[in-house]
């Protein structure tokens with residue numbers, strides 16, 4: 001029985017296994033045979049349960065591998081990854097666009113703000129330059145006034161000292177006369193003199209005089225601030241990138257930067273021979289490898305040349321002068337006042353701008369007028385003062401002056417046949433063309449005095465103030481009194497002359513109505529107004545200065561050093577000079593200069609008479625102004641200033657009251673009242689050699705071809721250079737230029753003698769100075 005049970009169990013198990021292998025169980029279950037009630041079913045996240053997929057062979061790839069479930073999973077995973085990356089890129093792009101827009105807006109605002117700052121900075125720079133220049137000018141004026149007042153105080157101190165000495169001398173004289181009266185005077189007059197009081201006052205006064213009221217030497221030159229834009233602030237490569245960049249960045253190309261430099265007028269940064277980069281063009285021995293710079297042949301970038309009588313920057317418009325009339329016509333020239341041979345009319349003493357009224361009047365027959373003018377032809381460039389007939393090859397300014405004259409002959413008959421004949425002839429001294437459009441002016445007649453015109457025309461009273469001066473001469477066109485007008489350059493010619501004759505038994509009246517515009521040589525405009533029978537002409541003209549002090553007071557650019565045109569009283573010639581307005585009171589006219597030995601000063605009498613050499617507009621060069629000019633410039637007395645500088649940079653000066661005689665007097669030298677630090681070489685001379693043999697005062701001028709010295713031989717021939725020799729010299733600024741300073745006279749040929757550029761009291765006779773200058777200015781009070 002037990003074995004049967006075991007066999008049944010084995011059969012049951014075998015059937016169960018067989019059912020599972022053949023799928024009958026599944027069918028059975030599907031048929032509902034395994035239903036045992038509700039059961040919990042777990043949802044699988046994916047039907048792809050297998051993760052370990054076998055490798056696919058080539059033949060199994062299409063129909064068996066890979067699994068679709070596996071492919072779907074890989075595709076979904078890659079799609080999700082790409083989607084995340086794209087979203088991240090989109091978010092980054094949106095952020096960058098927003099930031100870019102914000103940065104562009106901020107950049108634009110910043111550049112606009114900076115553009116305004118740049119404009120304000122440029123305005124501030126310009127304002128600062130103007131204010132500093134105005135301040136410097138005011139300080140210069142104040143300094144000049146202080147120096148002038150200090151000199152006046154010194155003069156007053158000397159006057160007080162002289163008066164004190166005179167009072168003391170007078171006291172002594174009175175005491176002597178009282179003591180000499182032995183009669184009743186000795187019994188009735190009791191007088192005591194206290195000389196100690198005078199001595200005490202004199203000592204106190206000497207202490208006051210000993211105080212130096214003038215500014216120190218180191219404060220003599222007032223520095224100037226020079227502002228100039230910096231070129232190429234942005235390099236070229238960056239500038240091209242800015243041009244191609246956004247519009248807001250182009251504001252950087254408009255940015256300007258100013259360079260500010262502090263300059264000292266009259267002083268160079270390296271003005272000594274032992275300093276590198278010497279800019280003054282000195283001789284070859286001043287430094288190794290240096291080269292003499294000849295001012296007659298300037299190098300690249302040097303200044304041009306300017307001949308005397310020319311007109312350029314820094315000078316007024318010059319005009320030809322010297323009109324000539326008939327025997328009964330008043331004659332006058334520019335810048336002077338002299339009576340005519342007939343009526344004695346005078347030119348206005350101050351020929352500034354003014355207003356003139358012309359009234360009709362009776363005319364006399366056979367009235368002749370002659371006008372003269374000068375025509376300038378100027379080319380651009382720098383200017384240089386050229387003295388004498390020195391030939392200069394340069395690309396600078398060249399000026400040609402053409403002198404032209406216009407003669408008008410006018411004839412008016414009486415009532416028995418009215419006839420008016422006007423003949424005009426224009427001639428030139430050198431045969432040059434004066435131009436068809438040139439108008440030499442008109443002749444204006446005046447009734448009454450010019451000071452009455454300001455009362456007649458109060459609305460035009462500004463023309464009669466102190467700026468333009470008062471014109472007090474009387475002018476009449478017809479009759480025995482006539483005068484000539486200024487010289488004008490016609491710019492417009494709408495004039496109409498309408499003669500009107502009135503019937504009369506004795507006289508003929510001519511009325512003119514003229515409307516004409518003129519322009520002067522310095523481009524000053526003037527107008528002519530027509531009012532019935534009265535013609536009023538407002539004129540302008542350039543006032544010609546007579547010296548550098550006049551230039552300092554009246555010229556718009558007179559406070560700066562430079563070349564100016566002047567015209568001496570009593571002379572019709574206009575010539576150019578160099579004015580030094582920085583030294584002392586200013587107004588110094590340079591008459592001689594030595595600075596590099598480039599010019600030979602051993603010249604003839606005629607050379608020294610006319611002058612020779614050249615200067616550029618910076619005052620560099622060697623020259624002699626001319627003895628004729630020295631005589632005319634010092635007629636009324638002048639102050640001579642001699643400035644000396646040795647090769648070590650030591651400076652000294654000497655000042656004298658100065659006058660040069662005429663050629664008939666041998667250009668005799670008259671000096672007095674020495675002041676300075678160089679020593680008195682012109683009056684006292686050399687003490688060792690003897691004052692009577694070496695003093696230059698009252699000596700005539702001598703050259704190698706005209707001996708006027710006190711020596712038995714010719715000093716000018718032995719020592720070289722024209723000078724006021726005695727027997728022979730204690731000073732000779734026109735001697736031989738020896739580079740280096742000290743020289744051995746034994747090496748000189750043909751004469752073994754001290755013939756350098758010397759001032760014996762300063763550095764001795766065997767020392768040739770590096771730079772010397774002679775300047776003159778009018779005496780104070782003239």
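Note: Cβ is positioned from N, Cα and C throughout, glycine not excepted.
Sequence annotations record features per position, and here Swiss-Prot assigns Ca(2+) binding site to 707, 709, 711, 713 based on similarity to another entry. What Swiss-Prot lists as coiled coil is 68-547. According to Swiss-Prot, the compositional bias 'Basic and acidic residues' annotation covers 264-283, 522-536. What Swiss-Prot records for 311-323 is compositional bias 'Gly residues'. Among the features that Swiss-Prot reports, disulfide bond is placed at 404-434, 715-728. For 539-780, the entry in Swiss-Prot reads domain 'Fibrinogen C-terminal', with the evidence type sequence analysis. Under the heading N-linked glycosylation site, Swiss-Prot lists 602. According to Swiss-Prot, the feature region 'Disordered' maps to 264-374, 522-542. Taken from Swiss-Prot, the feature signal peptide applies to 1-19.
Positions of Swiss-Prot features highlighted on the structure.
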residue	record	contacts (Cβ under 8 Å, 6+ apart)
602	N-linked glycosylation site	704, 720, 721, 736
707	Ca(2+) binding site	714, 715, 716, 717
709	Ca(2+) binding site	699, 700, 702, 715, 716, 725, 726, 727, 728
711	Ca(2+) binding site	725, 726, 727, 728
713	Ca(2+) binding site	none
Count of other CB atoms lying within 10 Å of the CB belonging to residue 715 (disulfide bond): 27
DSSP three-state assignment (helix, strand or coil) for residue 715 (disulfide bond): helix
Surrounding CB atoms that lie within 10 Å of the CB of residue 728 (disulfide bond), all protein chains: 24
Secondary structure at residue 728 (disulfide bond), reduced by DSSP to three states: coil
Structural state of residue 709 (Ca(2+) binding site), classified by DSSP into three states: coil
Stretch-averaged pLDDT - the domain 'Fibrinogen C-terminal' (539-780): 90
